Amino acid sequence: MQLPRELKYAAIAGGVALFGLIFGWVLFPTILKSQLKKEMALSKKTDVRKMWEKIPFALDFKVYIFNFTNAEEVQKGATPILKEIGPYHFDEWKEKVEVEDHEEDDTITYKKRDVFYFNPEMSAPGLTGEEIVVIPHIFMLGMALTVARDKPAMLNMVGKAMNGIFDDPPDIFLRVKALDILFRGMIINCARTEFAPKATCTALKKEGVSGLVLEPNNQFRFSIFGTRNNTIDPHVITVKRGITSVMDVGQVVAVDGKTEQTIWRDTCNEFQGTDGTVFPPFVPETERIESFSTDLCRTFKPWYQKKTSYRGIKTNRYIANIGDFANDPELNCYCAKPDTCPPKGLMDLAPCMKAPMYASMPHFLDSDPALLSKVKGLNPDVTQHGIEIDYEPITGTPMVAKQRIQFNIQLLKTDKLDLFKDLSGDIVPLFWIDEGLALNKTFVNMLKHQLFIPKRVVGVLRWWMVSFGSLGAVIGIVFHFRDHIMRLAVSGDTKVSKVTPEEEEQKDISVIGQAQEPAKVNI
């Protein structure tokens, strides 16, 4: 039996609508997820792997230094008055070197290398890096704080050593060019032959102090970031490639061959999260994105804040802070003991960096108000000083990231050292950094063409197919049954009587009605 033409058209249109439903809402999402799982894994064939190994554009690395405008008064115990100088802008190029794949457990090992170039044009107006800044002497304070914590009986000898190494300093402050303390380095004189300076310098060589580089003639050069510049980091990091399971991509599983740290307590020693340069796809808003910082030896777990967009791509914004170790059970294990945590918003970096420093949010944002009251000149603002990531949830791509951390030090107060006996003992800021990532137009367009344009086309096409297919099916069915529908419509409004031929012959006009008498008209 051959179908009527109208039903054929209806069947074809219905098939189009059904295909739109199946392809648009079932097949395409499945194909997309399958393809993304392949593309987002760190296999040698993917673009993600190439970009993960060497970011093809520079990150923004900004440094803000706190200049102590009343150093002489602070030496006598006064409240520091600070003036922020910056940003000093550096172009930061990141790459991973000595990369090795391990097929047996789906991991990669690598080391990091960062290269910094000073960019005066992007720095604050007038800053050249040659400005003299006045800050607490990081190296001198570091020596005193470390000995006071670990070997307090040795403080007297350290005092003599500092007088020899630093030529009888008048106070605990450093007056130095900005670029010297940041990258170029300042000379630490270890050529003295007296016992105390010589013994101290020998210990420095043996322990390998962070930021210290041995120079000829028994000299050291000290800077904050100089040892990182164009230097291969000695730590070997192991992460998951995500080929077996894309949700594990970038997950840190070991550092220097060890699957756990030994510097904290309990679960804080675990490696949780990715290495911060790649994240898994398909992460819902209800879940946190986790990354492990090898610089700070801890995991950060930003939480969802709001919907955002970047260059036409919808993103989710996640934010984070240092945390409150005393009152957050998940973070308490970062304290040496449960009841000896630093104030809210501070993290003791000594176990990680081997230097007596504290990390916080810039300007003590989200920190104990008491910290802010100990200094003048700080103005915390979440827009300028917060940590945030604009994250594309389908691919797991960080579109915009702003990592902001402030480094602080304690003005040690002790009667065993003349230079330290009148200090306040408070924790004060030294500088803060703003490391920023923003995908440029080239990579945003690449992401759009590979993912979002096809996704939008399919999104429009599926609705077109369902809408017009359904409409075509309805029209075809209506046309096929139009005569029957019309008869039904007529029968509902008109009564029809069946008349036989015999009845027709017997009918006359009277059946219809009797004749009426003409109306009379009076003339």
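Each residue's number is its place along the chain shown, starting with 1.
Cβ atoms are placed via backbone N, Cα and C, with glycine included.
When you check Swiss-Prot, the disulphide partner of CYS333 from the set CYS201, CYS268, CYS297 turns out to be CYS268.
Per Swiss-Prot, the residue from CYS335, CYS341, CYS352 that shares a disulphide bond with CYS297 is CYS352. Rounded to the nearest whole angstrom, the C-alpha distance between CYS352 (disulfide bond) and ASN440 (N-linked glycosylation site) is 34. Less than 8 angstroms from the CB of CYS341 (disulfide bond) sit PHE325, ALA326, ASN332, TYR334, CYS335, each of them six or more residues away in the same chain.
Over the topological domain 'Cytoplasmic' (480-523), the average per-residue pLDDT in this prediction is 51. With respect to ASN440 (N-linked glycosylation site), the closest of these recorded positions in Cα terms is CYS297, chosen from ASN67, CYS268, CYS297. Considering only the recorded positions ASN67, ASN229, CYS297, CYS333 (disulfide bond) has CYS297 as its nearest partner by CA-CA distance. The CA atom of ASN229 (N-linked glycosylation site) is located 29 Å away from the CA atom of CYS268 (disulfide bond).
Each of the glycosylation sites ASN67, ASN229, ASN440 was scored by the number of other CB atoms within 10 A of its CB, and the lowest score belongs to ASN440. The Cβ of CYS268 (disulfide bond) lies under 8 Å from the Cβ of GLN261, ARG298, LEU331, CYS333, TYR334, each on the same chain and at least six residues away in sequence.
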